[in-house]
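Notes follow once the structure below has been shown.
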Amino acid sequence: MKEMTAMNTERAPVSSSLAREAEVAKSNKTKSASGKESRNVWLPIGFGFLFLILWQLKIFHKLFHLELYQLPLPSAIAEAIHSNGDLLWNYSLYTGSEMIGGCLIGSAIGLLAAIIASFLPKAGKGAITLLAALNAVPIVALAPVMNNWFGDGVASKIAIVSIMTMATMAVSAYKGLRSVEPAYLELMQAYAAGRFTVFAKLRFRLALPAIFTALKINMATGIIGAIVGEFFISSRGLGFLLSDQIKLGNMPIAWSCIVIAAVLGIALYYLIQLIERFAIPWHAAQRKQAS
Amino acid sequence: MSLGREKEKEIRIDDVSMVFGRKGREVTALSSVSFDIYRSEFVSLLGPSGCGKSTLLRLLADLLQPTSGRITIGEEVPREVRLKRKYGIVFQSPTLFEWRTVKDNIELPMEVLGLKKSEYSAISNRLIDMVGLTKFKDHYPWQLSGGMQQRVAIARALSLDPPILLMDEPFSALDEFTKEKLQLDLLDIQKQTNKTIVFVTHSIPEAVFLSDRVVIMSAHPGRVHSILEMEREEGSYEQIRNSGRFHEMTAKVRECFQLSKQQLHA
Ligand SMILES: Nc1ncnc2c1ncn2[C@@H]1O[C@H](COP(=O)(O)OP(=O)(O)OP(=O)(O)O)[C@@H](O)[C@H]1O
Ligand SMILES: [Mg+2]
């Protein structure tokens with residue numbers, strides 16, 4: 001291939017046109033507006049604070065005719081979190097591990113199912129449709145059964161969350177794996193790439209955005225699964241504490257559970273977003289931010 | 001390189017027809033196409049949109065199977081040629097992987113073949129220099145202009161140094177200067193490596209400048225209208241482009257091209 005180095009470097013018009021293209025491409029690249037990105041962060045934070053202030057000033061109480069025991073003030077909730085710190089921390093870890101464990105196991109099974117199905121074009125589609133039916137199973141029905149199978153510890157809630165999340169991942173990842181433009185398949189075919197090479201070098205890469213989207217949805221589903229699961233079967237965890245304290249009329253502690261669950265959900269969402277940014281920097285959503 | 005005629009036939013296209021679609025809604029993309037391409041020959045396919053140029057290229061690449069007829073490349077069927085990676089292909093669109101840098105995109109065929117990075121890194125660097133993307137080798141496709149993307153696709157097609165090159169309008173998205181440079185580079189490559197090149201184009205001057213022979217096709221159904229022999233001259237780009245012969249041949253091709261289009265409307 002030595003011959004291919006032949007290059008007409010002495011052709012001035014050519015190099016100038018290349019230089020012009022270089023300029024264009026560079027200016028496209030450096031135009032990334034860091035101002036826009038920081039505005040994206042501060043806006044929700046600003047709104048969050050405004051919301052808290054209105055809440056603390058009892059605006060919502062007046063609007064919806066609520067009493068303080070029905071909707072405690074942010075200061076009272078903060079006080080409750082502070083004075084029950086150890087308990088809430090332990091329960092957060094407990095519920096968090098149910099949620100993350102279930103979400104990871106469910107997503108892993110779903111992804112594996114999607115990958116296997118993607119290799120079986122005809123049978124695969126039917127199998128995924130069948131798996132999607134899991135989404136229709138109500139958690140209310142699932143909880144007692146899982147309690148019966150796995151007891152009232154972490155395992156039953158992990159099972160609930162797994163079942164609730166695997167279908168979403170399977171359907172989403174399968175769609176991603178199968179939605180390859182024909183031109184790219186032709187390219188791989190032209191280079192005599194086998195099915196596994198096409199999977200590893202093309203399909204899986206193209207499916208990554210769909211996989212991350214499913215993970216984010218699954219984290220949210222996971223919180224619901226873990227907390228509602230604890231309503232039915234548990235003597236520990238944020239969901240247990242929440243339902244227990246509401247029964248006792250201890251609203252500030254009940255609300256601390258809600259706040260912590262929300263913070264946990266938001267934190268995990270951003271964690272996945274961060275991983276996504278490293279895993280698929282080419283993805284359109286991030287690309288738009290960069291240009 | 002009219003010497004090519006004394007050489008052996010490399011590609012035989014024998015009564016090839018291609019019909020798309022199911023019964024009742026058939027589209028005849030190619031109808032009884034027959035011609036041969038000699039080893040180390042530069043053949044251009046010229047014709048109106050929809051006359052089946054891309055289809056013919058896909059048939060040669062074994063990305064489609066003809067409805068009837070036979071294609072032989074060397075002593076082999078297209079499938080064997082594909083599996084042995086004896087051709088490089090440039091599609092009408094760049095088809096780059098957006099998660100791969102310029103360098104990684106060019107290395108894809110070598111990676112798929114199972115070569116080691118240490119073996120192919122030097123090759124891809126040379127190709128990057130050749131297509132003038134040295135400063136951009138770590139850029140991603142979305143950071144490149146359309147013309148730059150197409151140059152990456154060309155370099156990728158050359159990466160395995162295949163004896164046959166199939167190119168579908170590879171230069172149509174490029175500016176004049178880059179086009180000129182790459183046309184000359186392509187001729188250099190062909191002269192030095194004796195590649196057989198099948199080149200689809202819409203541009204009559206480009207076909208005349210590059211080709212040993214120009215195959216003019218007509219549409220609906222796609223057929224070979226005529227095959228014109230070019231006389232390639234020695235000299236600089238400007239000398240050739242300004243020569244009387246070049247203008248003569250361009251006029252001749254244009255005339256045939258017009259005839260092939262009239263046939264379409266008749
Ligand atoms: N996969 C396909 N399915 C159905 N019809 C097709 C397919 N590919 C091509 N055709 C039809 O075959 C004909 C020839 O198409 P082809 O793409 O080969 O034309 P072309 O000469 O390359 O045109 P252009 O210059 O616009 O690229 C067209 O009528 C097109 O509609
Ligand atoms: Mg075409």
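Just so it is clear, glycine is given a Cβ too, placed from its N, Cα and C backbone atoms.
Whatever TrEMBL says is automated annotation, not expert-curated.
Per TrEMBL, region 'Disordered' is recorded for A:1-31. The transmembrane segment annotation in TrEMBL covers A:41-60, A:99-120, A:127-146, A:158-177, A:206-233, A:253-272. Here TrEMBL flags A:88-276 as domain 'ABC transmembrane type-1'.
Within the same chain, residues 71-72, 77, 80-81, 84, 88, 91-92, 95-96, 99-100, 212, 215-216, 219-220, 223, 227, 238-239, 241-242, 245-246 sit at least 6 positions outside the transmembrane segment (A:253-272) and bring their C-beta atoms closer than 8 Å to a C-beta of that stretch. Only residues 6 or more beyond the boundaries of the transmembrane segment (A:41-60), in the same chain, are considered here, and those with a CB under 8 A from a CB of the stretch are 66, 71, 73-75.
Panel annotation: around the transmembrane segment (A:158-177), residues 98-99, 101-103, 105-107, 109-111, 113-115, 117-118, 124-125, 128, 131-135, 137, 139, 142-143, 146, 149-150, 199, 203-204, 206-211, 213-215, 217-218, 221-222, 224-226, 229 of the same chain, lying at least six beyond its termini, place a Cβ under 8 Å from a Cβ of the stretch.
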